[in-house]
Amino acid sequence: MPELPEVETIRRTLAGHLTDARVTGVRLIWPGAFQGWGELDFAGILTGKRIQGLERRGKYLLIHLDEGWSLVAHMRMTGRLLYFSASQEIGPHTRGVFELNQGELHFQDVRKFGRILAVPSAAVNEVRGLAALGPEPLEQEFTPDVLRNRLRGKKTCLKSALLDQRVLAGLGNIYTDEALFRARLSPERPAASLEREEAEKLTAAIKEVLKAGIEAQGTSFRDYRDANGRKGEFQRSLQVYGRQGQLCTACGGILVSKRLGGRTAVFCPACQV
DNA sequence: ATACTCCCCTGTGGGC
DNA sequence: TGCCCACAGGGGAGTA
């Protein structure tokens, strides 16, 4: 579910509530979502620790605790981290509750794909998935040259390459479709075929659409909510995602959807070349 | 290494 | 109306 703008919004809406809070207890309702470290169990690691700060890397949310521990959380498709200032009844999809000295943090996840790991802060970079993460698209270091280098030698289409978190971190199905439309590039283009000028357009489009997504506090196409349970607004600004069969906002043609690398891409076959 | 497909789950919406 | 199937903001395992 959450892509970079949604995870960033969760981080921002959670930071004020959690920073300096102490974990007083942990209730694992569906333990499969939580993983400890070696012989140390998840609840044992957390209990008593104080939260020092929150960090985002790609679609991962890192919650840094004192005494050298961190939580690595990934929402996958339907995960939510919700903060409540007072004790709150659990819902049917609540997989775990972090009791704090002030309030509670609930992890909800309909599809049970999301995971939260407790790891030594020094070992965060070794966590599978995090280890091979590509560059952060909103950092200055992410340039057209970097993008072209990352796509060099790839045999897949542009859409699949952009979804590969090792190429760059944080794009998912919504924002790849939107970025490709803004750059007027077809998702079917061979990833390695971008000319210099096209890479410039795509780099700019990726940065713009992610910034706009963050500004709108994410896309609530269906499940996504921030830490306060609020929806985002970016679904109102989507130009292609979910609009197959509707009119292209640029040329008035019909948007098409096509399965590429196991995911659905929506695009304008006339505008995007 | 790279690039596919399948799979993990539950809920929903469209077609019949 | 009800049933069945396909599909859903993701990514890991397994396979060529």
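Residue numbering: from 1, along the chain as shown.
Glycine too: its Cβ is placed from the backbone N, Cα and C atoms.
According to TrEMBL:
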type	residues	note
ACT_SITE	A:P2	active site, schiff-base intermediate with DNA
ACT_SITE	A:E3	active site, proton donor
ACT_SITE	A:K59	active site, proton donor
ACT_SITE	A:R263	active site, proton donor
BINDING	A:H93, A:R111, A:K154	DNA binding site
DOMAIN	A:2-114	domain 'Formamidopyrimidine-DNA glycosylase catalytic'
DOMAIN	A:239-273	domain 'FPG-type'
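Feature map: annotations from TrEMBL on the structure.
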residue	record	CB count, 10 Å
A:P2	active site, schiff-base intermediate with DNA	29
A:E3	active site, proton donor	22
A:K59	active site, proton donor	23
A:H93	DNA binding site	18
A:R111	DNA binding site	12
A:K154	DNA binding site	16
A:R263	active site, proton donor	15
Task: Looking only at C-alpha atoms, tell me how far A:E3 (active site, proton donor) is from A:K59 (active site, proton donor), rounded to the nearest Å.
output: 6
Query: Rounded to a whole angstrom, what is the largest C-alpha distance between any two of the residues A:H93, A:R111, A:K154 that the record assigns to DNA?
result: 39
Message: Across the domain 'Formamidopyrimidine-DNA glycosylase catalytic' (A:2-114), what does the mean pLDDT come to, as a whole number?
response: 98
- line: argmin Cα dist to A:R263 (active site, proton donor) over the recorded positions A:P2, A:H93, A:R111 returns A:P2
Query: In which DSSP state, out of helix, strand and coil, do we find A:R263 (active site, proton donor)?
result: strand
Field: recorded positions clustered about A:K59 (active site, proton donor) [Cα within 10 Å; pool: A:P2, A:H93, A:R111, A:K154]
entry: A:P2
Statement: For the domain 'Formamidopyrimidine-DNA glycosylase catalytic' (A:2-114), the DSSP helix/strand/coil residue counts are 23 helix, 50 strand, 40 coil
Statement: Reading the DSSP string in three states, the entry for A:K154 (DNA binding site) is coil
- request: Please report how many Å separate the Cα atom of A:K154 (DNA binding site) from that of the residue listed as 'active site, schiff-base intermediate with DNA', as a whole number.
  value: 26
